[in-house]
Amino acid sequence: MVLEVSDHQVLNDAEVAALLENFSSSYDYGENESDSCCTSPPCPQDFSLNFDRAFLPALYSLLFLLGLLGNGAVAAVLLSRRTALSSTDTFLLHLAVADTLLVLTLPLWAVDAAVQWVFGSGLCKVAGALFNINFYAGALLLACISFDRYLNIVHATQLYRRGPPARVTLTCLAVWGLCLLFALPDFIFLSAHHDERLNATHCQYNFPQVGRTALRVLQLVAGFLLPLLVMAYCYAHILAVLLVSRGQRRLRAMRLVVVVVVAFALCWTPYHLVVLVDILMDLGALARNCGRESRVDVAKSVTSGLGYMHCCLNPLLYAFVGVKFRERMWMLLLRLGCPNQRGLQRQPSSSRRDSSWSETSEASYSGL
């Protein structure tokens, strides 16, 4: 998945000539294939383009600032610990890195939406791949956290404690490697292309319609459905075990990680439902017309913005739900010269209260 403003296939010169001669094409920015493609002109994109110009730059700029500050704070808190990170904290650190790298690409896409792509094909490939790598990494790392908790609580298997930190490091490396593999189409097929109809240059895919559909299916399955199914399976079994055992201490330890997973589902489900509708239109299962195309384009812009908010939401969840995250943030600010020591003096009692379970296998977040 690349931002929707740039997710369009490119026509070669022969195809453009045929388009102009026969007034035949279907183009979601040029890719609206149907049985009537050869008898009807392409749909106008004025409404969706104007909406993107007004909506996306402001949203991406805000998410860039919030995501950079929030995830930077999470990484700083985790790295400030004097002891080794737990398995879950290590996954969370990688998740913060993934979210940070994703939001770093948003200013580029904001310029693309507001004006046009002015950064050349090389940066187009890098930005698209970087965006997709970290999109997939965020979902897969949450699935890893869920599976870690599942083994730890349901099966009482401390998988990553028996070989720390090698196993968790290898798991994270495997996740990043898989995400890099998923992003190969971006390195190969993305390029800066000047669209004569729009009189603008955009970062676009240059492959056939079937390639676009396949990429969307991959995004839907590998970037959303499979991770969500893993999370749902793991936490359903975890909650069942904890409710039967009445493990209130464990339930408290699970609170933050469950909230983070629920936030992932709420943020990304609307977007992927719209993607599913778009896939069905590509496959001909749903009729494609100009009104529906325009509504889908606008819906993709709005729901993708909601999905990107997830990158900024995690740090807020840590701050409001994670007691130990707040404590360590205050301690970090104190070391950096924060003058508000009165509030910090009240922290140790809470820290002692949590430490009895936060460093055991029952805890979800030893650092947060």
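Positions of Cβ are set from backbone N, Cα and C atoms, glycine also.
The shown structure was predicted, so the numbers you read here are calculated from the model rather than taken from an experiment.
As annotated by Swiss-Prot, compositional bias 'Low complexity' applies to 357-368.
Among the features that Swiss-Prot reports, N-linked glycosylation site is placed at N22 (among others), with the record citing sequence analysis.
Feature annotation from Swiss-Prot assigns N-linked glycosylation site to N32 (among others).
Over the topological domain 'Extracellular' (1-53) the predicted model carries a mean pLDDT of 53. The topological domain 'Extracellular' feature in Swiss-Prot is assigned to 1-53 (among others).
Annotated topological domain 'Cytoplasmic' per Swiss-Prot: 81-89 (among others), in sequence order.
Here Swiss-Prot flags 111-125 (among others) as topological domain 'Extracellular'.
If you look up Swiss-Prot, you'll see 148-169 (among others) marked as topological domain 'Cytoplasmic', on the strength of sequence analysis.
Under DSSP, residues within the topological domain 'Extracellular' (190-212) fall into helix, strand and coil as 4 helix, 12 strand, 7 coil. Summarising the annotation, Swiss-Prot assigns topological domain 'Extracellular' to 190-212 (among others) and lists sequence analysis as the type of evidence.
Positions annotated as topological domain 'Cytoplasmic' by Swiss-Prot: 234-255 (among others).
Taken from Swiss-Prot, the feature topological domain 'Extracellular' applies to 278-298 (among others).
For 322-368 (among others), the entry in Swiss-Prot reads topological domain 'Cytoplasmic', with the evidence type sequence analysis.
Among the features that Swiss-Prot reports, transmembrane segment is placed at 54-80 (among others).
Taken from Swiss-Prot, the feature transmembrane segment applies to 90-110 (among others), supported by sequence analysis. Panel annotation: around the transmembrane segment (90-110), residues 3, 5-6, 56-57, 60-61, 63-64, 67-68, 71-72, 74-75, 78-79, 119, 123, 127, 130-131, 133-135, 137-138, 141-142, 144-145, 148, 165, 168-169, 172, 175-176, 308, 310-312, 314-315, 365, 367-368 of the same chain, lying at least six beyond its termini, place a Cβ under 8 Å from a Cβ of the stretch.
According to Swiss-Prot, the feature transmembrane segment maps to 126-147 (among others). Through the fold, the transmembrane segment (126-147) approaches residues 1-3, 6, 88, 91-92, 94-95, 98-99, 101-102, 104-105, 108-109, 119, 171-172, 175-176, 178-180, 182-183, 186-187, 190, 203, 219, 222-224, 226-228, 230-231, 234-235, 257, 260-261, 264, 268, 310-311 of its own chain, all at least 6 residues removed from its boundaries and within a Cβ separation under 8 Å.
Under 8 Å from some Cβ of the transmembrane segment (170-189) lie the Cβ atoms of residues 2, 90-91, 94, 125, 128-134, 136-137, 140-141, 144, 160, 205-207, 211, 215, 218, 222-223, all in the same chain and six or more residues away from its ends. Positions annotated as transmembrane segment by Swiss-Prot: 170-189 (among others).
The transmembrane segment annotation in Swiss-Prot covers 213-233 (among others).
The stretch with the most CB contacts under 8 Å to the transmembrane segment (54-80), chosen from 213-233, 256-277, 299-321, is 299-321. Taken through DSSP, the topological domain 'Cytoplasmic' (81-89) splits into 3 helix, 0 strand, 6 coil. Remote same-chain partners of the transmembrane segment (299-321), defined as residues 6 or more beyond its termini with a Cβ less than 8 Å from a stretch Cβ, comprise 3-5, 48, 51-52, 55-56, 59-60, 63, 66-67, 70-71, 73-74, 95-96, 99, 102-103, 106, 138, 255-256, 259-260, 263-264, 267-268, 270-271, 273-275, 278, 329, 368. Counting same-chain residues at least six beyond the ends of the transmembrane segment (256-277), those with a Cβ under 8 angstroms from any Cβ of the stretch are 1, 88, 138-139, 142, 145-146, 149, 216, 219-220, 224-225, 228, 231, 235, 239, 286, 296, 299-300, 303-304, 306-307, 309-310, 313-314, 317-318, 321-322, 364-365, 368.
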